[in-house]
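Accompanying notes for the structure given below.
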Amino acid sequence: MKKLLAVTSVILFPLTVLSQANHKAFQPISTKTLSERWELGLETNRGTFRLTSYKPFFINAVKWSNNPNQLPQSENPVYSSTEELDLKSYEATFQLSFKTKIAQSLFSGKGDIWLAFTQKAFWQVYNLERSRAFRELNFEPELIFNYPVDFNFFGMKGKMLGFALNHQSNGRDIPLSRSWNRIIFHVGLERNNWSLILRSWIRIPDKDDQNPEITNYIGRAEATVTYSKGKHSIYLIATNSLKIKDNHGGAQLTYEYPIMEHLRAQVQLFTGHGETLIDYNHRQTTLGFGISFVDW
């Protein structure tokens, strides 16, 4: 525990000093609108094949779990582990995510096609017994069609509609392999400092199903809510199985505050099922501290 605190202090102390030294120079967080993120109008169009941020881009120097998944299980017995993994409650995590527009001005000159990729990593860096190995890596490529719209919905302004072909997997061997494919439908709305993206999906059937009940745990829909004011930024990503009985899902709440010109400190809380693919049917609560790099 002392080593963990020492490592975390070494990482975060210089950032705190810089934050105090440059506090007066900070400007309020400039959160991108949906039009800016997805280039929905002529004034925000940046052309094709330019890398831009997609989902949150961050590093958590330390993340604590109240219930590490020591024995990953699946409803398919072939993909159930029989040996405990000897995981520590503390680890480091990071997420990289970007997108690029590969076609534009489709269907009445407004529709765009994007290619996106997200990678999440969970690193047992404080676990000497496991040689500081990566516990889980999740890979998520997507092909996204997006179309700008303009409508009002309960006081919010509808800005975009679309769908995506989505694959997510962890690249592991039996029995720890997990993957699924989806067709995802989305709508984006915003109002003042708020934005809301709703996503719902249809899972594509898989003959060799590694995680048969994944939609009953991770869910069938997702809501991403962001709010920013001044230097403060909060976002919530929540999934739900949409079942009245035996309802499951997960929620991740993140608070960000600027510590340097383009760098933010963050606190991230998750509770529920499906923080990673290997944990799709495992419930836990985690708390992470780290830094965020881009306004996604």
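For all residues, glycine too, the Cβ spot is worked out from N, Cα and C.
Note that TrEMBL annotation is computational and uncurated.
Per TrEMBL, the features are:
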ACT_SITE  HIS167  active site, proton acceptor
ACT_SITE  SER169  active site, nucleophile
BINDING   SER131, SER177, ASP209  Ca(2+) 1 binding site
BINDING   ARG172  Ca(2+) 2 binding site
SIGNAL    1-19  signal peptide
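Shown on the structure are the features that TrEMBL records.
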{"residue": "SER131", "record": "Ca(2+) 1 binding site", "DSSP class": "coil"}
{"residue": "HIS167", "record": "active site, proton acceptor", "DSSP class": "strand"}
{"residue": "ARG172", "record": "Ca(2+) 2 binding site", "DSSP class": "coil"}
{"residue": "SER177", "record": "Ca(2+) 1 binding site", "DSSP class": "coil"}
{"residue": "ASP209", "record": "Ca(2+) 1 binding site", "DSSP class": "coil"}
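Counted within 10 Å of its Cβ, the other Cβ atoms near SER169 (active site, nucleophile) come to 17, all protein chains included.
Between the C-alpha atoms of the residue listed as 'Ca(2+) 2 binding site' and ASP209 (Ca(2+) 1 binding site), the distance comes to 14 Å. With a 10 A radius on its CB, the residue listed as 'active site, proton acceptor' counts 14 other CB atoms from all the protein chains. Comparing the binding-site residues SER131, ARG172 on other C-beta atoms within 10 angstroms of each C-beta gives the minimum for SER131. Between the CA atoms of SER131 (Ca(2+) 1 binding site) and the residue listed as 'active site, nucleophile' there is a gap of 24 Å.
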